[in-house]
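J.: According to TrEMBL, the active site, tele-phosphohistidine intermediate annotation covers H186. TrEMBL lists C486 with the feature active site, proton donor. The phosphoenolpyruvate binding site annotation in TrEMBL covers R288, R325, N438, D439, R449. According to TrEMBL, the feature Mg(2+) binding site maps to E415, D439. Taken from TrEMBL, the feature domain 'Phosphotransferase system enzyme I N-terminal' applies to 6-123. TrEMBL lists 151-221 with the feature domain 'PEP-utilising enzyme mobile'. Look at TrEMBL and you will find 252-523 tagged as domain 'PEP-utilising enzyme C-terminal'.
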Amino acid sequence: METTLQGVGVSHGVAIGEVRRMGTAVLEPPAKSVPAQEAPREQERARQAVEAVAADLLARGNLAGGEAQAVLEAQALMARDPELAADVNRRINVGSSAERAVYDAFASYRELLAGAGEYMAGRVADLDDVRNRIVARLLGVPMPGVPDSDEPYVLLARDLAPADTALLDPSLVLGFVTEEGGPTSHSAILARALGVPAVVALAGAVELAEGTVVAVDGSTGEVFVAPSAERRAELARRAEERRVALAAATGPGATSDGHKVPLLANIGGPGDLPAVLEAGAEGVGLFRTEFLFLDDAAAAPSKDKQIAAYREVLEAFPGGRVVVRVLDAGADKPLGFLTPADEPNPALGVRGLRSLLDHPEVLRTQLEALAEAARGLPVYLAVMAPMVADRQDAAAFAEACREAGLRAKFGAMVEIPSAALRARSILQEVEFLSLGTNDLAQYTFAADRQVGSVARLQDPWQPALLDLIALAAEAARAEGKSCGVCGEAASDPLLACVLTGLGVTSLSMGAAALAYVRAALAGHTLAQCERAAAAARAADSAADARRAARTVLSGE
Ligand SMILES: C=C(OP(=O)(O)O)C(=O)O
Ligand SMILES: [Mg+2]
């Protein structure tokens, strides 16, 4: 029988399919004691699990070929290491269960690797993956990581980290459902980048059994479990209605009375270009460069690798604008070579621009790579720094850009309330602002963007967030400079009208949202957007702000 679950819809569209679960991180197996007479049986279980995992890794390597094959073969060698096997057997002889013995033996091997120089330390993540696979097999729980499936599926997870999703095959993912995460979590951002429907913060999601058929409506946040034939028909009708409305809006972003609001794209690398070009993006408003390097977070990316990736993006927008963000490492996007491992609270620690100022050579290499990539291309390059707190940060960034000989506009992201409050002083150092509303909401409401239970406070309609946006936009207007939004707030069509009314000068979003936002802007005048913005700011809650804006925009 059909049941309906309600979460938060974060990426439009409808998907119907079987759920496949993302294996969760392996729990530490309990340290129970196993009687001596069972030791041989436990040793055999351990041996078989190790062998099965090694064989599986080799088989995957054969399929993948290239660099991936070398990595998987090295992992299979780690699994079959005779020293490790001897250690596992020793631990079982003194009373460990097979899973606990594997867990502990890998822990001591891990310490050895971590202390054995930079290259070996970089293999720790591979070793952990091998351990997780063997322990998961012994415990009889799903393998960690992306599901193995040849059929398209709806991906179900507690939450998704950027590193998990690097391995997803987009052609197989129909949609996402996650138990954690809010509208600005990386699950949501990735879903929008892939253009697949997604629902996050769905309580009880991980209890859905593997293979359950669900229908996901990423616009309303509903997930229908075992949908009826009537439900499927209704969802197909809704999807068709949206498609028709979208097809009607084309061209550059503007209100119905011609106030221009360039519609730009958020990208993570050249792989996103076909979708954003197809969706008619007028440029790039946020190139999240750290996404290029998540697969090799142990070492700083080489200059040549960077130049190639940047050039590919810059070439795609002749005559257009491309805003590149320098590496934003830390908190939800850790990079081993930049992010301190032992911070008690990484979101409040050395992340974003702070870590680049601690590693000036990494910043210099990136800025020089950008200068080189842009040489001779007819593109308006802009470069911005994440997590700018004050004028001193902005000045340090601008100075680094000048030293690298970069001919581009330098800008600051407004992601920390202090930057919105003192936007005018920051604008003495840089030429534009870009509001990162995801982090700005996180820091304004002290609400971790990765935690589903505080998603209410991550809602970009919160009037306090709208006030900070208005402050930054007014400061930019007073200085005769631009102030865009590149956080996920820009991808909500109704909110995009409100942001325009607040004085924001461009909107940047994932490819899938561009048509929706274009259509919403084209349906309203600037004066209507301004009235909607005033009504939203006068409200006392996110829900009331949304209602007030909707009333203004639909009632005139
Ligand atoms: C655009 C933003 O940056 P990210 O989501 O990559 O932190 C933001 O914080 O709004
Ligand atoms: Mg941010």
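Residue numbering: from 1, along the chain as shown.
Placement of Cβ uses the backbone N, Cα and C atoms for every residue, glycine included.
Predicted automatically and left uncurated, TrEMBL annotations should be read as such.
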J.: Can you count helix, strand and coil residues in the domain 'Phosphotransferase system enzyme I N-terminal' (6-123) using DSSP?
T.: 77 helix, 14 strand, 27 coil
J.: Out of the recorded positions I have (R325, E415, D439, R449, C486), which ones have their Cβ sitting under 6 Å from ligand 2?
T.: E415, D439
J.: Given the binding-site residues R288, R325, R449, which one's Cβ is surrounded by the fewest other Cβ atoms within 10 Å?
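T.: Counting other Cβ atoms within 10 Å of each of the binding-site residues R288, R325, R449, the minimum falls on R288.
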J.: Among R288, R325, E415, N438, R449, C486, the recorded positions in the record, which have a C-beta under 6 A from ligand 1?
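T.: Among the recorded positions listed, those whose Cβ sits under 6 Å from ligand 1 are R288, E415, N438, C486.
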J.: Enter the number of other CB atoms within 10 angstroms of the CB of N438 (phosphoenolpyruvate binding site).
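T.: There are 24 of them.
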J.: With DSSP as the yardstick, break the domain 'PEP-utilising enzyme mobile' (151-221) down into helix, strand and coil residue counts.
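T.: Across the domain 'PEP-utilising enzyme mobile' (151-221), DSSP assigns the residues as follows: 19 helix, 19 strand, 33 coil.
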J.: Which three-state DSSP class does E415 (Mg(2+) binding site) fall into?
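T.: Looking at the DSSP assignment, E415 (Mg(2+) binding site) belongs to neither helix nor strand, so coil.
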J.: Indicate the candidate from E415, D439 with the smallest number of other Cβ atoms within 10 Å of its Cβ, considering only these binding-site residues.
T.: D439
J.: Listed phosphoenolpyruvate-binding residues R288, R325, N438, D439, R449 - what's their greatest C-alpha to C-alpha distance in Å?
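T.: Spelled out: the longest distance between any two Cα atoms in R288, R325, N438, D439, R449 is 20 Å.
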J.: Tell me whether R325 (phosphoenolpyruvate binding site) sits in a helix, a strand or coil according to DSSP.
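T.: In the DSSP reduction, R325 (phosphoenolpyruvate binding site) maps to strand.
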